[in-house]
Amino acid sequence: MVLDGRVEQKKSSERLVFFTDAVVAIALTLLILPLADLVPELVTEHKPAVDAITGNWSKIFSFVLSFAVIGRFWSVHHGIFEHVRHYSTALVRANFAWLLTIVVLPFPTELIGAYRTERFTVLFYLGTLLASSLCHTTMVTIIRRSPQIRGDADPVSDETYWNHVLSAVVFALAVVVALIQPGLGYYVLLLLVFPGRIARWLRARRTAR
C-alpha cells in the first residue's frame, strides 16, 4: 500500500473520523439482525421464546465475538487518530481498507459458530483479523512519516509503532499455524498480550542508553 500522498491541509480529519465512526456503528448495529430474524421463525414454528436463546448458541456466540472484536479494533483506531489533524490520500485509502475488514468481519465470525475448526473458516477469520491489523500498522506508518498529517498533535511514539507492528506479526503467525493445524490458530492469539509489553521494554531499553 502506498505510504505517501497529497495532504489535504485545509480539511480537518474530523470528517474522516465521523464517517468512520458512523460505518463502525452501523456495522455493530447490523450484528443483531440475524438474532432478530429468529423471532418470526419461532412464531411460525410455534416454539417457546426461550428457544431463541437455547437453540441458537452459535449465533449468540458469533454476535458477542463480533461485537467485542470490532469494538476493540475501533478503540485501537480511535487511539491512532488521536495523532491526526489532517489527512492524505494514502491515509484515506488505508482507512477505507480497514473499514472493509470491519464490515466483512461478521461473516467469518458467523462461520466460526458453525464450522469452528474447519481450515477455510479459521483462515478466513484469522486472515481478516490480520488484514485489519495490517491496515492499522499502515496508518500508523503513514502518520509517522507525514508531519503534515499530525499538525499540532503528538507524534506517534516508537512504543505505539512497535506495538502495532508486533500485533500484526502475531496475527500473521496465527495464520501460518492455522495452515498447519487449524484448531491451534486461535490459541496463537493469546500472544497478543505480549506486543505491548515488548514495545514498552524496547522503549525502556532505548531510554536507558
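Numbering starts at 1 and runs along the chain as displayed.
Backbone N, Cα and C define each Cβ position, glycine as well.
TrEMBL labels come from automatic prediction, so no person has curated them.
Residues 52, 56, 59-60, 62-63, 66-67, 70-71, 74, 77, 81, 84, 87, 91-92, 95, 99, 102-103, 105-106, 110 of the same chain, all 6+ positions outside the transmembrane segment (16-36), place their C-beta atoms under 8 angstroms from a C-beta of that stretch. Marked as transmembrane segment by TrEMBL: 16-36 (among others).
For the transmembrane segment (56-75), the residues of the chain that approach it from at least six positions outside its boundaries are 21, 24, 27-28, 31-32, 34-35, 38, 98, 102, 105-106, 109-110, 112-114, 129, 132, 136, judged by C-beta separation under 8 angstroms. The transmembrane segment annotation in TrEMBL covers 56-75 (among others).
Feature annotation from TrEMBL assigns transmembrane segment to 96-116 (among others).
Only residues 6 or more beyond the boundaries of the transmembrane segment (96-116), in the same chain, are considered here, and those with a CB under 8 A from a CB of the stretch are 1, 20, 23-24, 27, 30-31, 34, 58-59, 61-62, 65-66, 69-70, 73-74, 77, 122, 124-125, 127-129, 131-132, 135-136, 138-139.
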